[in-house]
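*Asks:* Quick one: the structure is below, and I'll ask about it shortly.
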Amino acid sequence: MSAHSHVDGQLPHEPEKATLEGRNKVLGFWLFLGAEVVLFGTLFSAFLALRDKVGDGNPTADELFNLSTVAIATFILLTSSLTSVFATQAMHAGKKMAMIWWLVITVLFGLGFLGLEIYEFSEYVHEGHGFTTSAFSSSFYTLVGFHGAHVAFGVLWISIIIGQVLKKGLTVVTAPKVYVSGLYWHFIDVVWVFIFTVVYLMGKVG
Amino acid sequence: MAAVNHSATEETKKRHKHEGPQKHIVAYIMSLILTLIAFAAVIAGEVNTSFIIFILLMMAGLQVFVQMGFWMHMKDKGHTYAIIGILGGIFIAGTMIIMAEFWAWW
């Protein structure tokens, strides 16, 4: 009784919820996101506790951060979240190629964000803000770097899903993966909202 | 088609109107405006630190509400367990953050 034997090749509406497996995947992913909230919450709490502990002569948040770089990164990630939701909408409309192109654009934005973050981190290291410089620098790189690692994983994951949809088509098996990776991408954007608020903007305010 | 029917739920059986992109573009523009307000508050600065931080946290909270509601579909029905999962995470994370912010250097 495989559920993906659509004789007319017509996908059901909301194909990610068409099978029990698909619905379970979405439910399980929400519980995973709840655990991710805890993970990032602990990293944020470590950062909040240590953000003033710079030590003698080491760069402070206010000296380091360049708000225009952060604004560009924020804009890139926010826009990629919009293209990701367009991919999910194209999937719901059964438009496979439109969905793939939106996913490709999302991945490219993700790569742009990563490039900017790598550039930013290398600038900081040049300015004497290494991983072990101070408690502030360690908690900063752990929190922001963990978010960057999530972006890198998302880029890899969505790329693999694009390959699988190209190979196997848009079915009730592949659709839940597209939907769930979209949830993941939005979640990464939501975490970034707190990072630019708590780390960068509050770092500038003091 | 009989093979498909066992898996069709109430939600998939009824015809969905395919929603246009307008709603999501509105959410995008709202997120952009909230972000701009936050950056502008910091650049304008010089007023009152705790007031600016209050504005920043308000803007972040609103933006998360918009994005999780519209883009992650949490405002749609059938998301009870999603909300429980996220609220459970926020409860534990919030405890940690309050501890770190107020009690770590007691």
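For all residues, glycine too, the Cβ spot is worked out from N, Cα and C.
From a predicted model like this one, the values you see are computed outputs, not experimental measurements.
Dumping what TrEMBL says about this protein:
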DOMAIN    A:27-204  domain 'Heme-copper oxidase subunit III family profile'
TRANSMEM  A:27-50  transmembrane segment
TRANSMEM  A:70-88  transmembrane segment
TRANSMEM  A:100-119  transmembrane segment
TRANSMEM  A:139-162  transmembrane segment
TRANSMEM  A:183-203  transmembrane segment
*Asks:* Report, as numbers and ranges, every residue of the chain located at least six residues beyond the transmembrane segment (A:27-50) whose Cβ falls under 8 Å of a Cβ in that stretch; write 'none' if there are none.
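*Replies:* For the transmembrane segment (A:27-50), the list is 135-136, 138-140, 142-143, 146-147, 180, 183-184, 187, 191, 194, 198-199.
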*Asks:* Residues of the same chain, at least six outside the transmembrane segment (A:183-203), with any C-beta under 8 angstroms of its C-beta?
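*Replies:* Distal contacts: 26, 29-30, 33, 36, 40, 44, 47-48, 51, 61-62, 64-65, 67, 70, 73-74, 77-78, 80-81, 84-85, 106, 110, 140, 143-144, 147, 150-151, 154, 157-158.
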*Asks:* Grab the pLDDT values for the domain 'Heme-copper oxidase subunit III family profile' (A:27-204) and give me their mean, rounded.
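*Replies:* 94, rounded to a whole number.
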